[in-house]
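A.B. asks: My questions will all concern the structure given below.
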Amino acid sequence: MGHPRLPAAIGGFVLGPRRGATTTPIPPPFLAFRSSTLFITFTVCLAIFTDIFLYGLIVPVIPFSLSVQAGVPEKEVQQWTAILLACYNAALCVGSPIAGFLADRTASRRLPLLLGLLALAGSTLLLCLGTTVALLVVGRLLQGISAAVVWSVGLALLVDTVGKDVGQSMGYVSVAMSVGLLISPAIGGAVYAGAGYYAVYYIAFALIVCDIALRFVLIEKKIARQWLNSPADNQDTSGRASIDNGPGSDPAAGTAPSDEEIRRPVLELVKSKRIIAVLLGVIVEAVLVFACDTVLPLFVKDVFQWNSTAAGLVFICIMVPGFASPLVGALADRHGARWPAVAGFAISIPLVVCLRFVTQNTLGHKVFFCATLTLLGATLLTLANTVLMAAMTYAIDDKEARRPGVWGQKGVYGMAYGIWTTCFALGGTIGSLMAGYLNAGPGWSTLTWSLAIWCAAGAAVSFGLGPAPTKQNTESGPTATDAMDDDSRIAAP
């Protein structure tokens, strides 16, 4: 879709057309690289890494901020630490669908990403210089809003860009998330101990500068197409089903949507059974991940007498298998998300139950514990988490292929991943509270049984994820088997 009379852009910024100009504007420098799938994917992954990294980086210094900077009494530090975490999760839950909704209605995804970066810079500055609890609370709220924008808009931009390789690209996102979670607390603690409080935030601001530079350089593919004149470049390189077609534009694809459905695409989104299955799976996944984050450091401290450094390093066992996430995502692109997710949750059931047998401070128990955590990293983070990120796109594309135009002209990827992020934050809150309560009360053994029940629930809801849309789009129309997965069908009596 060429736009020969769009204004010229220099360095990614749009300028007015030159007086008397009648030809296609001069393309910005390095256009092919700046709009390439590789560069956009790297930029989105760095944005998500930065968000996760900054969240974990300041964890070791928050108690210092409260007690020394804000003057909170030592006995109230734990209480206010929990409040600050709640503020972050609340802003993330509320802000994610709003950010996604607005992103779907802007001409470019880059502007919302830049606004999210400003929120991140503001939150980091408040957390660094805040001398009152109120400023720290505002800083945590802004950090949650920034995370909402980065995740919902960033994932939507990635889907716009990568074509049919959604799962593989989400695998790279999973790697970025895993690395950020793994190294940020260790770096934050080491820098604080060695160089002091403000040195931690120097690292944060350096990352933000790199992030903002990449976001200014980035040019979205749909903007770059006005200068790319080859037939292949003028096609919809996003690989997504077209959302510009009116209802009934492809009669072979399925039932055309009604005018009411086109006017209310968000309502159609939350009514989809496949998308509901994705969101339930995301909640279960977050419950399991955050439950482990909450109790594992205390568990190894009590059972193995490990110090804080060793407690942090134990998460390497969980994170290392995540580097295979792009391969799992590529598998899901070919065969769908259903069976990888079912397998990931189902195999995790005996693994979390086996953790209850770790009770002694012996070499054998330590090896068994670390080996079990490594397998859990492969099943929960690599299998289940990666495909659940891609499954949202699969479900949206599947319904669009059956009912062209159902999502309206703007599409719903931003809103969809906003809701996805909200569910992840909700599940993380549930997991942290549940794990802390059960481990402190009934104990470790009861907690592992509870996690096994959550794994079983995740396997059950994953059956509703459905097949990959690419398998259906190669056909002339939906098959009888696939039609049973269409949430728009009326169930047989």
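Keep in mind that glycine also has a Cβ here, set from the backbone N, Cα and C atoms.
All annotation found in TrEMBL is predicted automatically rather than curated by experts.
Quick paste from TrEMBL:
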- 470-479: compositional bias 'Polar residues' (COMPBIAS)
- 37-470: domain 'Major facilitator superfamily (MFS) profile' (DOMAIN)
- 234-259: region 'Disordered' (REGION)
- 469-493: region 'Disordered' (REGION)
- 38-62: transmembrane segment (TRANSMEM)
- 82-102: transmembrane segment (TRANSMEM)
- 114-135: transmembrane segment (TRANSMEM)
- 141-159: transmembrane segment (TRANSMEM)
- 171-193: transmembrane segment (TRANSMEM)
- 199-218: transmembrane segment (TRANSMEM)
- 275-300: transmembrane segment (TRANSMEM)
- 312-332: transmembrane segment (TRANSMEM)
- 339-359: transmembrane segment (TRANSMEM)
- 371-396: transmembrane segment (TRANSMEM)
- 417-438: transmembrane segment (TRANSMEM)
- 444-465: transmembrane segment (TRANSMEM)
A.B. asks: If you count Cβ pairs under 8 Å, which stretch among 38-62, 82-102, 339-359, 444-465 touches the transmembrane segment (417-438) the most?
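C.D. replies: Looking only at 38-62, 82-102, 339-359, 444-465, the most contacts with the transmembrane segment (417-438) come from 82-102.
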A.B. asks: In terms of Cβ proximity under 8 Å, which residues at least six beyond the ends of the transmembrane segment (38-62) contact it?
C.D. replies: 81, 84, 88, 113, 117, 120, 124, 127, 143, 146-147, 150-151, 154-155, 157-158, 161-162, 169, 172-173, 175-177, 179-181, 183-185, 187-189, 192, 197, 200-201, 203-204, 207-208, 210-211, 214-215, 217-218, 220-221
A.B. asks: Using a Cβ-Cβ cut-off of under 8 Å, list the residues of the same chain that are 6+ residues beyond the ends of the transmembrane segment (371-396) and lie near it.
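C.D. replies: Sequence-distant neighbours of the transmembrane segment (371-396): 155, 159, 166-167, 170-171, 173-174, 178, 240, 269, 272, 274-275, 277-278, 281-282, 285, 288-289, 292, 296, 314, 317-322, 324-325, 328-329, 332-333, 336-337, 340-341, 343-345, 347-348, 351-352, 354-355, 358, 407, 412-413, 416-417, 420, 458, 462, 465-469.
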A.B. asks: Is it the case that the transmembrane segment (199-218) and the transmembrane segment (114-135) touch, counting contact as three or more CB pairs under 8 Å in which the residues of each pair are 6 or more positions apart?
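C.D. replies: Checked: the transmembrane segment (199-218) vs the transmembrane segment (114-135), in contact.
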